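Colleague: So that we are looking at the same thing, I have put the structure below in structure tokens.
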């Protein structure tokens, strides 16, 4: 049976996600920014939390873990790196591992850059990827602990996923990402279409996520750092994809 995925807001701009397996009743939260909204969503749907899938150690992604584990006795799954940084982890995972949520299978991708321990969870059967703060819609995460080549390599891992997969990211940053992207890639028709959609969704107080990866591959300038046209726009003709990506990220940092 297909996963039932719910999207809601935690903190000010974090996305909360619940993934429910109708066949077994198992329910996972991807990260746990804070407990309250997750508990309310669980109660509204009559679900019990069985698992938390942690993507990285930043507090705005793990702040609710301890309270949820105490309340539900759920299993906490997290990246193998930085063992001391994430408390309450029961199962540590690495690239290529497969995690079961009931009968649902999540494949682990190591996607470092934003942090060194960052992982993404890919539900192949449900055509969904939870990329947290590595890949945003029309953007990507800041590179706090890794390097630009490392982050670019992580984006390439995500870019290889099929076009019909849906991206679920960590934050509602799409409107600001679109604003920046249009300064670099103003003639991109896919980007302009996404910009119009984002304006409509936000005006209706609706989330801009999920989004198809195929659309992101066309519209997200950070996924196109190896496109010679982007290098030309940045006056970096002949530069490597890693160099172009680094320049894009530096410009976004200052925007």
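Each Cβ is built from the backbone N, Cα and C atoms, and glycine gets one as well.
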Colleague: Looking at Swiss-Prot, 56, 58, 133 are annotated for Zn(2+) 1. Which of 80, 114 sits in that same site?
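Modeller: Of 80, 114, 114 joins 56, 58, 133 in the Zn(2+) 1 site that Swiss-Prot records.
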Colleague: Which one of 20, 171 goes with 60, 61, 133 at the Zn(2+) 2 site, as Swiss-Prot has it?
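Modeller: Site partner of 60, 61, 133 for Zn(2+) 2, according to Swiss-Prot: 171.
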Colleague: Using the alpha carbons only, what distance in Å do you get between residue 133 (Zn(2+) 1 binding site) and residue 171 (Zn(2+) 2 binding site) once rounded?
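Modeller: Their Cα atoms are separated by 7 Å.
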Colleague: Give the helix, strand or coil assignment DSSP yields for residue 114 (Zn(2+) 1 binding site).
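Modeller: The three-state answer is coil.
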Colleague: Which of the three DSSP states, helix, strand or coil, fits residue 171 (Zn(2+) 2 binding site)?
Modeller: strand
Colleague: Rounded to the nearest Å, what's the C-alpha distance separating residue 58 (Zn(2+) 1 binding site) and residue 171 (Zn(2+) 2 binding site)? Just drop the number here, would you?
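Modeller: A Cα-Cα distance of 13 Å.
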